[in-house]
Amino acid sequence: MSASKILSQKIKVALVQLSGSSPDKMANLQRAATFIERAMKEQPDTKLVVLPECFNSPYSTDQFRKYSEVINPKEPSTSVQFLSNLANKFKIILVGGTIPELDPKTDKIYNTSIIFNEDGKLIDKHRKVHLFDVDIPNGISFHESETLSPGEKSTTIDTKYGKFGVGICYDMRFPELAMLSARKGAFAMIYPSAFNTVTGPLHWHLLARSRAVDNQVYVMLCSPARNLQSSYHAYGHSIVVDPRGKIVAEAGEGEEIIYAELDPEVIESFRQAVPLTKQRRFDVYSDVNAH
C-alpha cells in the first residue's frame, strides 16, 4: 500500500497528559478544555488531540458505575456534548480519552473511548477489549472485571487524513488489534492508557515501540499525569513512537502536553527499506489470518 493511501499529508498531533480523575466530573472536563485550548495556542496547526484514559472520573472499580454515561449521539450525555463542542470549536479530531459507558439495554459498564471529527460529530467509539485484571506480587492488584464488561470488536477510524486504530491501555499488550488496524491501512495506533508505576517502567516503552515496529505505524500512548494523592498512581510518560521504533516525543510524570508531527515519508521509506507488509506469510500462520 502506498504512503498516499496511508497518510495523506504531514499532521501535527498533541497528547494531553493531565491530572484529571478527580471526583468532580465537570472540573475534570474543564481541565481538559483548558489544556486543549493551551495546546491550540501553542501549536495552532494541530489536527489531532488525544486525552488520557479515565480522565473524567476516578480510576476505581467501585466508581465506574457512578460516573458512567449513556453514549447516544442523538441525546448527548455530559461528557459527549462537552467533548463534541471542543472538537468543533478548535476544528480538531479528538480522541476523547476514555469514560465509563453504560449500555442501557444490558446495564453493562464499559471503559470506552469516544472519537470526534472536526465538526464535533461522534464518529466512533472503542470499548476496551482486554480488561486489566492483574495480581502482581509486591505490586498491584486490580480487577476491572469486577465492574466492567469487555468490548467485542476492534476499532479503526477513517478520517480525511487516513485511518488510525484505537485501543485502550491493556489492549496494547495484545498485538492483534494493532495488526488488524494496520492491515486495514491505518497510519497509527492510539492508546489512551493509564499504566501504573509497577508495570510502566517495565513495559510502557517496550510495548509502544513493539507495536510501532511490528506494524510500521506511528503509536501514541496518552497517560494521565501522576497524582500521588489519588488512589491510583499513573505512570505518566505519554509518548509518540514512529514506525521505525524511534521515540519522537515523551512526557515526564507531571501535567504536560507533548507534540509531534506524523510524516507519511517516514512510513513510506521504512516500509520500502523493510517491506514487512509484503513478506508476511499468512499461508504459514493461517490461524492468525482468521478475522
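Just so it is clear, glycine is given a Cβ too, placed from its N, Cα and C backbone atoms.
Residues or ranges marked as domain 'CN hydrolase' by Swiss-Prot on the basis of sequence analysis: 11-264.
For THR34 (phosphothreonine), applying a Cβ distance below 8 Å and a minimum sequence separation of six or more within one chain yields no residues. Here Swiss-Prot flags THR34 as phosphothreonine.
The DSSP secondary structure for GLU53 (active site, proton acceptor) is coil. Annotated active site, proton acceptor per Swiss-Prot: GLU53, in sequence order.
LYS128 (active site, proton donor) falls within neither a helix nor a strand when secondary structure is assigned with DSSP, and so counts as coil. According to Swiss-Prot, the active site, proton donor annotation covers LYS128, on the basis of sequence analysis.
In this structure, CYS169 (active site, nucleophile) is part of a helix by DSSP. Summarising the annotation, Swiss-Prot assigns active site, nucleophile to CYS169 and lists sequence analysis as the type of evidence.
Taking all protein chains in view, 24 other C-beta atoms sit within 10 angstroms of the C-beta of LYS128 (active site, proton donor). Counting in whole angstrom, GLU53 (active site, proton acceptor) lies 10 from LYS128 (active site, proton donor) by their C-alpha atoms.
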